[in-house]
Amino acid sequence: MARHHDIPLPFTIDDLTLASAVRFFYLNAILVTVSLNVVPSVARRLYAYGKSAPAAAPAGAGSSPVALLARLRVPHAWFAHFYVLSLAVQLFWLLQIFSAGSFLRRLLAVLPHDVVTTSGGTGPPRVVEGPPGDQSFETILLCIVCMAMQSARRAYESLCIQKPGPSPMGILIYIAGISHYLVMGLAVWCDGVGTLAANDNLPLAHPSTYLRVPRLNTLLALPVFFLASGAQHDAHAHLASLKKYSLPTHPLFALTLSPHYLAECAIYASLAVLGAPRDRWVNGTLAYVAVFVCVNLSFGAAITRRWYADKFGEQQIANRARLLPFIY
């Protein structure tokens, strides 16, 4: 009879990688999002904001947990906090990587990763290839830069183009958004811990030092990223130009009522392909992020379409999907 301490365990706490922790975070975020949206009335009260936010809580529900949580709200203008924070987080990690920052060094020292043996030559420091299965150094930088660009654009739109309405947003949305963008700062490079550990003493040099022949992943994902970013900007600019809560007329809204949500899904899907480790098509961690974003925005798109149907009538939007044309 085997003793308790002789039973082999699949892993110990020392084997828990940063990528595993980030994936666990997003898996739980997906499950919580789905659970809260099982009941449409609950989803509407907790997740709706802006034009689709409910005017008041139903009578008799004032002491329920959902009602208490729904009462905790913050100004809609605080949406800009997400993107300002995200930009700051991405720039922080970029600076840590290029300056061999003490915070990143300490973090890499305690994170489990495969060790890369270098030749120890006498020449100038060069980029070292990370262990098998890790993101390359160039891939990590590209993902951080793309996420920083996305964050900067959304911060600009939120602060300078979009007009926050008087309706507040639920505290749950705010907490979820802040948490997402903080953890996203880790998600873009957590599958390259070994690579960063092997390149923790690179000097700031000419950008050509870090350039390599682009992979097929990069050639496929970057156009999608930029096209989706442009489409999302156009959709946001059009919505901001409309009279208060009127029906959108831009061609992007011809087949779907939430092209800006669809573009967001495409942006995160492109990052999952762009950030893939060598010899892989998809980054597993960023795939979790993309699924979370798609699930979250799918429920948001359903609430948005319901609002349009109530406001303008089903006939006015009969040929427009919630999110994905002809499918959903």
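Quick reminder: no glycine exception, Cβ is built from N, Cα and C everywhere.
Automatic, uncurated: that is what TrEMBL annotation is.
Annotated features in TrEMBL:
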- 24-43: transmembrane segment (TRANSMEM)
- 78-98: transmembrane segment (TRANSMEM)
- 171-189: transmembrane segment (TRANSMEM)
- 209-231: transmembrane segment (TRANSMEM)
- 217-328: domain '3-oxo-5-alpha-steroid 4-dehydrogenase C-terminal' (DOMAIN)
- 252-274: transmembrane segment (TRANSMEM)
- 286-304: transmembrane segment (TRANSMEM)
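Simply put, out of 78-98, 171-189, 209-231, 252-274, 286-304, 286-304 has the most Cβ pairs sitting under 8 Å from the transmembrane segment (24-43). Only residues 6 or more beyond the boundaries of the transmembrane segment (171-189), in the same chain, are considered here, and those with a CB under 8 A from a CB of the stretch are 18, 22, 25-26, 29, 36, 46-47, 49, 69, 72-74, 78-79, 81-83, 85-86, 89-90, 92-93, 97, 135, 140, 143-144, 147, 151, 196, 271, 275, 285-286, 288-289, 292, 296. Residues of the same chain lying 6 or more positions beyond the ends of the transmembrane segment (209-231) and with a Cβ under 8 Å from any Cβ of it are 126-127, 136-138, 141-142, 146, 149-150, 153, 202, 252, 259-260, 263-264, 266-267, 269-271, 273-274, 276, 281. The average pLDDT the prediction assigns to the domain '3-oxo-5-alpha-steroid 4-dehydrogenase C-terminal' (217-328) is 94.
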